[in-house]
Amino acid sequence: MMEHIRITKRVKNTPTVVSLYFKWNVKVLPGQFVMVWVPGYGEVPMSLSQTEDEKCITVKAYGDSTKKLIETEAGEWIFLRGPYGKPFSSTSGNKLLIGGGSGMASLKPLIDRNTTGIIASRTFDELLFSDEFDEDHRIEVTEDGKKGIKGIVTDGIEAVNPEDFSMIYVCGPEKMLKAVYDKIKKLNVNAEFSMERSMKCGIGLCDSCSVDGFQVCVDGPVFNMKQLNGMTEFGTTRLLSSGKRVKI
Amino acid sequence: MMEHIRITKRVKNTPTVVSLYFKWNVKVLPGQFVMVWVPGYGEVPMSLSQTEDEKCITVKAYGDSTKKLIETEAGEWIFLRGPYGKPFSSTSGNKLLIGGGSGMASLKPLIDRNTTGIIASRTFDELLFSDEFDEDHRIEVTEDGKKGIKGIVTDGIEAVNPEDFSMIYVCGPEKMLKAVYDKIKKLNVNAEFSMERSMKCGIGLCDSCSVDGFQVCVDGPVFNMKQLNGMTEFGTTRLLSSGKRVKI
Amino acid sequence: MVSLAVKTGGVSFESPAILASGILDENGYTMKRVLEDGAGAVVTKSIGTEERNGYFSPVVVPEDTYLINAMGLPNPGIDSFEEEIKIALTAKKPVIGSIFASNTDDFLKLALKMQDFGVSAVELNLSCPHVQGFGSEVGSDPVLVKEIVKTLKGTIKIPVWSKLSPNVTSISEISRAASDSDALVLINTVRAMAIDIEARRPVLTNSYGGMSGTAIKPVGLRCVYEVRKETEIDIIGVGGISSYIDALEYIMAGASVFQIGTALMKYGRSIFMRITGDLEKYMISNGINNLEELVGVAVR
Amino acid sequence: MVSLAVKTGGVSFESPAILASGILDENGYTMKRVLEDGAGAVVTKSIGTEERNGYFSPVVVPEDTYLINAMGLPNPGIDSFEEEIKIALTAKKPVIGSIFASNTDDFLKLALKMQDFGVSAVELNLSCPHVQGFGSEVGSDPVLVKEIVKTLKGTIKIPVWSKLSPNVTSISEISRAASDSDALVLINTVRAMAIDIEARRPVLTNSYGGMSGTAIKPVGLRCVYEVRKETEIDIIGVGGISSYIDALEYIMAGASVFQIGTALMKYGRSIFMRITGDLEKYMISNGINNLEELVGVAVR
């Protein structure tokens, strides 16, 4: 069922990312997502970057639908259906969040006092939700090197001891997930990865987002290390919109 | 939804009437009815003559479906849907039950220590559920005069003072209901009448059983005196299966 | 000032919520009560030239989101039905006479009688999906449909509505054939069946029946939209409407007024007042003065 | 000893519960997992001669008792699909290749490739209700259907199944046209639409879509029954099956095996194991050794 919801607040987070806040009286857990419909433009899966009574989607403009969506002002309406997908596990211990690109959006609801963040992006002005972390719990990594560590996300991991955390949560492009996975797979850690694959239906039918027979939309988007272990497609191939198999 | 229910007991009540007992874990109130399907023969509305955990339908053979239905033995299965219709009101005071023909079947669940019954039938062997009443609370009326008062149901009413009862419940052919109604309408009494009209759908759609715009299957089968007051069709005309209007 | 009054298919209605043919419209007193309880008009049960008893029970299979029925066109015959129409007309609202026949002559004969009886329009049942020789067997033949509609339009004075079946390869083709009508009524029931695995047989005595209710709304909307895209003829929407939202969907797809039938199973006669009340509230909060403003706005 | 094994449409299955075309059958790894999770076979997504992206989202409208979809026949083109089939075949269960085309030559070309890839049968998509020039536009023309089926049967060695549309005036007529097939697959989705009153437009990017799920079961049962009444051809039932009761209804109406699709939305891949487990229990308590004993028993 399509919900019709009024945006209450619009915040620009980076030059290309906008957060839209709204009241929606439905239980959503960190890691779950909704399908947002922009009539006349398309429908896109969006993680929630806030999951309390007031909820939030954090949108990066990269296609027709999202370009239109980020123009939404407070007082305007959006359409969505959901929530869908399996959430992150909760943990009471200290957490390491690793977010690449706009990946930190779906990790944001997990942030508390026990949280350290590795925030990675291509350029310094694209670092997302860095300020949400205390200064001494924040590791910034940029490819342009204009802020924090110059490099990619795995370079940020060098700055911590992953085994110090009771859970590691990772979100970002699949290539990055694979790099992080490979880096920590031999360590004594618990980790969950939120996967982004191109999604059409969101309800486990169309097979667009599948990885090794699991549907990212219903079996995921959150997968743990055990589930990822031995997956043939993870980080290697995916299907295009047509169903054509391509390398990642 | 069609229920498939096993008959646990079969009792012959009169030469033409049989009671079929069954367990059915659904709440049914006195006066409500079910639609019983006899595959290959038809579907008929049946009041419940027992409405506790163990339920019962009391069947008089008058058409193909009911002729087949009364042959059902313990251990065999019946099909039914429901319950449907508005029940009798409950009352804590003393009650007068007036049942003509097989009409006493739907009144039977109301019988308790505070109940007087007027049981009417054409012949003495068709008196139904007479034994359910204490001997001094039982008024039998037969047209053949072989048992009880010789006459019709209204003659039985002469034997009581209707105003002595806190509620009068009546069930039988519409002509009889009308006669009873006319007899007691000027008295200071509360009365409810369970009406039988030919019924096809049982769910308020087909208009077969309607009386003055009310559907016997959903607005009834139980109507009180106020509802019957001023009804043009009550006791005068009804529609045949084709929808053709005929006199009652 | 919002107003629900509308003129469509050659008939003026105080309210766009009309009782669909086949439901609570065999007995004049029932039609009268439905009108008094808030229906903008009633369409009668389909009436033929001769008395018919219809099929033996079971004639309905009620489920949560749909109903399958095979009544078998029971009707007292046109002559006996005059009395019922006279009773219904005492409510002083439009009564539409639904008629069925297997040929043009009979349709004409029935329509002329209905006109004499004082109905506001006739609705041609070209779509009953479960009686041989009638309904959709007639209504799926474009040549016959064209002839029937043309003949009636050339002879009777009251408006002619054609109720069409979704059980055709192209609803557009049949709509074009019926385009001389004052309105198209879309849709009749979807041909369907229920089987009981314990009885190991179809539940309906007639085996086949017509499905109605919530489950067919997407089919009805599709038909209305498809026809609205290619014609300006008035459309009366019917199929699975049980709320003002359903009604608005039909209106935005191109219907001017709408009919309610199966929803009475769940909601009773009060549904007419509820839907029209909700429509008024919607109109006020959305600045709509007349529902005409919304007819077909979804079509692109 | 009860056995769910069955041979129908020229193919032997360990279990009668088959994955329907269009659901979880684009990616070879997914098909493999569905087979490992209990499906008796999978039918692939419909594959054409050229790569197609399908429609932009929204491509589905999920509701409680139905789904409307308009994917737009996305597929990588037949040549690229070989890899997926090879992966699926590692599960060592039958894979059926669904193909769509607008003419006989392309159907033949696709069928020959599918045969080369190692599928157990081809399923002709003569019924997709929402892409111009394909699917039901082909499948509602009896002459073309007859030609396509005849040509394929005369050339390829593997069995040919024809999946037909309920969106026709007479499913019997189309079934007769497709009677050279090894099996008929009944039914594809029902042409439908969803409109959003706030957006004032159809929800699907393509406007029209196909309805599937519980709501269309009565239509599927009717089609299977109607065709079974007049032919002995193997029938594969599909449309709204989500329990062993639904499956038995289709079997009693005349289907030998059945396909499951939309029910995966609510129940996930475990539905195959649940339904076959429930069927076994039913067979034991009803003294049925093989489901063949029940095929068509409701038909009268």
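These residue numbers are counts, starting from 1, taken along the chain as shown.
Positions of Cβ are set from backbone N, Cα and C atoms, glycine also.
Source: prediction; values computed, not measured.
These features come from TrEMBL:
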type	residues	note
ACT_SITE	D:Cys128	active site, nucleophile
BINDING	D:Ser21, D:Lys45, D:Ser46, D:Asn125, D:Lys163, D:Ile187, D:Gly213, D:Gly239, D:Gly240, D:Gly261, D:Thr262	FMN binding site
BINDING	D:Lys45, D:Asn69, D:Ala70, D:Met71, D:Gly72, D:Leu73, D:Asn125, D:Asn188, D:Thr189	substrate binding site
DOMAIN	D:4-283	domain 'Dihydroorotate dehydrogenase catalytic'
Would you mind sorting out which of D:Ser21, D:Cys128, D:Lys163, D:Gly213, D:Gly240, D:Thr262 (the recorded positions) have a C-alpha within 10 A of the one on D:Lys45 (substrate binding site)? D:Ser21
Express the distance between the Cα positions of D:Gly240 (FMN binding site) and D:Thr189 (substrate binding site) as a whole number of Å. 10
If the substrate binders are D:Lys45, D:Asn69, D:Ala70, D:Met71, D:Gly72, D:Leu73, D:Asn125, D:Asn188, D:Thr189 per the record, what's the largest distance between their Cα atoms, in Å? 16
Can you check which residues sit near D:Thr262 (FMN binding site), meaning Cβ under 8 Å from its Cβ, same chain, 6 or more apart in sequence, and list them in order? D:Ile23, D:Tyr66, D:Leu67, D:Ser212, D:Gly213, D:Gly240, D:Ser242
Contacting chain A at Cβ under 8 Å, from the binding-site residues D:Lys45, D:Asn125, D:Thr262, are D:Lys45, D:Thr262
Around the substrate site formed by D:Lys45, D:Asn69, D:Ala70, D:Met71, D:Gly72, D:Leu73, D:Asn125, D:Asn188, D:Thr189, which additional residues qualify by having Cβ within 8 Å of the site's Cβ center? D:Gly22, D:Ser46, D:Cys128, D:Pro129, D:His130, D:Val131, D:Gly135, D:Gly210
Would you mind listing, in sequence order, the residues at least six apart from D:Ser21 (FMN binding site) in the same chain with a Cβ closer than 8 Å to its Cβ? D:Val43, D:Thr44, D:Lys45, D:Ser46, D:Ile96, D:Ser98, D:Glu123, D:Asn125, D:Lys163, D:Gln259, D:Gly261
Using DSSP and collapsing to three states, where does D:Ser21 (FMN binding site) fall: helix, strand or coil? coil
Of D:Gly72, D:Gly213, D:Gly240 (the binding-site residues), the residue whose Cβ has the fewest other Cβ atoms within 10 Å: D:Gly72
Can you check what DSSP calls D:Gly240 (FMN binding site), collapsed to helix, strand or coil? coil
Neighbourhood of D:Thr189 (substrate binding site), C-beta criterion under 8 angstroms, separation at least six: D:Asn69, D:Ser127, D:Cys128, D:Pro129, D:Gly209, D:Gly210, D:Met211, D:Ser212, D:Ile216
For D:Ala70 (substrate binding site), the nonlocal same-chain Cβ neighbours (under 8 Å, six or more residues apart) come out as D:Tyr55, D:Val59, D:His130, D:Leu204, D:Thr205, D:Asn206, D:Ser207, D:Tyr208, D:Gly209, D:Gly210
On the 0 to 100 pLDDT scale, where does the domain 'Dihydroorotate dehydrogenase catalytic' (D:4-283) sit on average? 96
Per DSSP (helix/strand/coil reduction), D:Asn125 (substrate binding site) sits in strand
In all the protein chains shown, the tally of other Cβ atoms within 10 Å of the Cβ of D:Asn125 (substrate binding site) is 31
Most distant Cα pair in Å, residues D:Ser21, D:Lys45, D:Ser46, D:Asn125, D:Lys163, D:Ile187, D:Gly213, D:Gly239, D:Gly240, D:Gly261, D:Thr262 binding FMN: 20
